[in-house]
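Following: one structure in structure tokens, then a few remarks.
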Amino acid sequence: SLLLCTALLTAGCALGLQLGLRRGATDRAVLAWLCSDALVHWVLEGAFVYLALVGNIADTDGLLASLWKEYGKADARWLYFDPNIVAVELLTVFLDGFLALVLIYAIVKEKYYRHFIQIALCVCELYGGWMTFSPDWLVGSPNLNTSNWLYFWIYLVFFNGVWVLVPGLLLGHSWVELKKMHQRGTHSKKLQ
């Protein structure tokens with residue numbers, strides 16, 4: 001399971017860095033993240049959605065099912081059909097995966113809508129994380145295994161925290177870039 005995650009991360013980073021050869025360091029890092037993000041959404045979460053819609057992860061065999069069975073040790077909702085989790089993951093797979101692809105294109109082709117898409121994707125990622133965990137928190141976290149160090153700190157906090165930290169950083173990046181664009185536009189109007 002961890003080897004598959006590592007392979008997806010490596011492939012995503014390699015693809016993103018290749019796409020960003022003529023870009024600055026920030027854009028190369030963003031492209032590496034976006035390619036990895038899209039692969040996670042389509043391969044891992046896409047498999048989860050499919051498996052959840054045709055049965056239960058707990059009753060399914062295979063490499064991707066085993067990955068979700070392992071994660072299910074930290075959050076039991078991923079083992080059986082939980083409508084909230086499946087609904088959030090449907091949105092994540094299709095909308096977030098698509099937005100990541102559009103954002104990759106916008107960065108590589110230097111499109112004017114880059115930061116609009118970047119903000120939209122980041123808000124979707126943060127919303128997905130919130131809607132994954134807040135319903136369980138509101139009822140006392142009965143499905144979350146917080147007693148095991150590995151499951152709590154690595155599976156729940158670290159792996160999910162990445163999808164809070166990176167979108168948060170990208171929102172900050174868009175804020176700074178939009179401010180610079182506004183200041184350039186205001187400055188050029190004053191010169192006319």
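A Cβ is built for glycine as well, from the same backbone N, Cα and C atoms used for every other residue.
As annotated in TrEMBL, transmembrane segment covers the listed stretch 115-133 rather than the other ranges in 39-57, 115-133.
Across the domain 'EXPERA' (26-171), DSSP classifies residues as 119 helix, 2 strand, 25 coil.
Residues 26, 30, 33, 37, 71, 73-75, 115, 118-119, 121-123, 125-126, 128-129, 132-133, 144-146 of the same chain, all 6+ positions outside the transmembrane segment (153-176), place their C-beta atoms under 8 angstroms from a C-beta of that stretch.
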